[in-house]
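Visitor: So Swiss-Prot says this about it:
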- LYS15, TYR30, GLY31, LEU32, TYR33, LYS34, LYS56, TYR75: acyl-CoA binding site (BINDING)
- 3-88: domain 'ACB' (DOMAIN)
Amino acid sequence: MGLQEDFEEYAEKVKTLPESTSNEDKLILYGLYKQATVGDVNTSRPGIFAQRDRAKWDAWKAVEGKSKEEAMSDYITKVKQLQEEAAALKAVFRAYLVGEMNIFECHIGRLTRCRRGFRTQMKKQIVYSPGTREMNLLSLIKPSLAHVGYCSTYG
């Protein structure tokens, strides 16, 4: 694939970056994208009351003078870097949940593997890991439905 095709592919991949991506990184990507697609800044700086537009304009202005090819290459590199950081953070978070907090995976609609410990472990999971997407689902499960699920520990 050529640089243009790679750039278009990574312009789509950027949409899958986590919401926790910093505004600074988003602005860097914005500036590189604009430089790669439009070229040098061709508008005047937005007024002081348009802070968001002003920050975006400043990010674009910061990469002024780069060739379109260089901006595309830098954009691809930055997206790869952010994807790697997100994957590493996810792995660390998962290892923490599994190792430190003894979190287990719970699937609804299958036969029980650990009938005796299910309710106790499920309660521990809800207490230890509030706020995760999985817990939002598990918090809706009534203890009387424990027999339709199974639990298994990671590791």
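Any Cβ shown, glycine's included, is placed from N, Cα and C.
Because the structure is a prediction, the values reported are computed rather than measured.
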Visitor: Could you say whether, by DSSP, LYS34 (acyl-CoA binding site) belongs to a helix, a strand or a coil region?
Guide: helix
Visitor: For LYS15, LYS34, LYS56, listed as binding-site residues, tell me which one has the smallest number of other Cβ atoms within 10 Å.
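Guide: Each of the binding-site residues LYS15, LYS34, LYS56 was scored by Cβ atoms within 10 Å; lowest is LYS15.
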Visitor: Can you check how the pLDDT averages out over the domain 'ACB' (3-88)?
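Guide: Mean pLDDT for the domain 'ACB' (3-88): 94.
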Visitor: Among the binding-site residues TYR30, TYR33, TYR75, which residue has its Cβ surrounded by the fewest other Cβ atoms within 10 Å?
Guide: TYR30
Visitor: Counting across all protein chains present, how many other Cβ atoms fall within 10 Å of the Cβ of LEU32 (acyl-CoA binding site)?
Guide: 26
Visitor: Take the domain 'ACB' (3-88) and count its residues per DSSP category (helix H/G/I, strand E/B, coil), listing them in that order.
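Guide: In the domain 'ACB' (3-88), the DSSP-based counts are 62 helix, 0 strand, 24 coil.
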Visitor: Between all pairs in LYS15, TYR30, GLY31, LEU32, TYR33, LYS34, LYS56, TYR75 (listed as acyl-CoA binders), what's the biggest Cα distance, rounded to the nearest Å?
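Guide: Across LYS15, TYR30, GLY31, LEU32, TYR33, LYS34, LYS56, TYR75, the two farthest Cα atoms sit 17 Å apart.
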